[in-house]
Amino acid sequence: MIHTNLKRKFSCFVLVFLLFAIICVWKKGSDYEALTLQAKVFQMPKSQEKVAVGPAPQAVFSNSKQDPKEGVQILSYPRVTAKVKPQPSLQVWDKDSTYSKLNPRLLKIWRNYLNMNKYKVSYKGPGPGVKFSVEALRCHLRDHVNVSMIEATDFPFNTTEWEGYLPKENFRTKAGPWHKCAVVSSAGSLKNSQLGREIDNHDAVLRFNGAPTDNFQQDVGTKTTIRLVNSQLVTTEKRFLKDSLYTEGILILWDPSVYHADIPQWYQKPDYNFFETYKSYRRLHPSQPFYILKPQMPWELWDIIQEISPDLIQPNPPSSGMLGIIIMMTLCDQVDIYEFLPSKRKTDVCYYHQKFFDSACTMGAYHPLLFEKNMVKHLNEGTDEDIYLFGKATLSGFRNNRC
């Protein structure tokens with residue numbers, strides 16, 4: 001019996017102790033909630049935290065004072081200095097690149113071309129390694145590179161043999177002037193770029209050789225205003241005469257001459273004898289604008305590339321890509337160039353529409369491509385971020401130059 005009473009007393013004691021503990025915990029929780037609520041009242045809102053680390057009206061950071069209109073006290077907070085995380089440098093084209101960047105195979109090719117000198121180059125101008133500011137180089141290009149087309153008054157195109165074949169309308173009345181233009185390379189790094197819509201938003205778009213838009217619209221767009229083709233394609237591509245790819249926009253054909261040859265000299269010895277194919281095309285498509293670039297222009301451009309380059313460059317004409325860039329700088333206020341300077345998608349795949357691998361497509365073998373890219377990087381007025389993410393370089397055209 002005594003044992004049972006002790007058991008009951010002990011149970012009551014435990015219950016009282018638990019009840020007391022619960023009351024204490026509840027009271028402490030209430031006090032904590034009150035303190036938390038009070039802290040929330042004076043906590044800085046996130047929107048004001050953002051203001052505190054950037055520019056803000058001066059009143060926010062001055063001592064507390066009364067708003068004379070509202071009679072409400074304005075709380076002030078101390079300025080918070082944001083710690084800026086250092087940005088890693090973006091790996092983009094170095095405008096001071098030299099042949100030391102080439103692999104042994106491309107170095108050997110470069111030396112072979114120097115020895116061959118197929119086009120009898122004998123450069124006697126200034127340089128190498130002449131330095132120009134961006135604006136001075138633009139002026140130099142504008143004044144010394146004449147972008148013009150063969151006309152029916154040029155001998156021997158003024159003979160009966162050529163009567164009716166060349167376009168009657170002057171190139172400059174047919175093309176431009178435009179405000180914002182795009183030059184779209186054929187580089188493999190354009191694949192999966194998703195740049196199509198951006199490219200098509202330009203006033204005019206220049207493409208090269210047989211680079212298609214069908215099946216690649218998302219990456220390269222659909223618009224073609226000018227297509228620059230080389231004489232090798234015109235003479236060897238069987239589909240050239242009938243493929244609809246070559247009936248959209250304005251066609252410009254170029255063929256390299258011997259160094260600084262005039263039109264009659266070049267006509268006697270073209271690099272590729274495209275003349276009969278050109279006539280056949282004009283008979284099939286008489287309304288299609290199809291111009292022939294004067295052969296002096298590529299060598300005028302080559303002279304300037306050699307002048308500013310620290311090394312001897314290949315004695316071969318500039319690439320179609322570089323010629324197209326200069327053509328559009330003549331016609332447009334602003335030229336956006338896509339994947340001439342490689343982006344983060346850089347690849348040894350030469351073309352976005354073919355599976356052909358060769359590092360020469362980026363670094364150059366036949367053409368002085370490495371130094372062409374140096375020139376474009378020097379002229380670039382866009383950001384390294386644009387180059388890295390989109391492969392986009394932005395150049396000003398010649399029309400707005402203050403020379």
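Even glycines carry a Cβ here, placed using N, Cα and C.
Of the residues LYS180, LYS373, Swiss-Prot places LYS373 in the same substrate site as SER186, ASN209, ASN230, SER319, SER320, GLY321, CYS350, TYR351, THR362, TYR366, HIS367. Of the listed cysteines (CYS24, CYS332), only CYS332 is recorded by Swiss-Prot as the disulfide partner of CYS181. A C-beta separation below 8 Å, combined with a sequence spacing of at least six in one chain, links TYR366 (phosphotyrosine) to ILE109, TYR113, GLN314, ASN316, ALA360.
Sequence-distant contacts of ASN146 (N-linked glycosylation site), defined as residues of its own chain at least six apart whose C-beta falls under 8 angstroms from its C-beta, comprise LYS294, GLN296, MET297, GLU300. Calculated from their C-alpha atoms, the gap between CYS403 (disulfide bond) and CYS332 (disulfide bond) amounts to 17 Å.
The disulfide-bonded residues in question are CYS181, CYS332, CYS350, CYS361, CYS403, and the one with the fewest Cβ neighbours inside 10 Å is CYS403.
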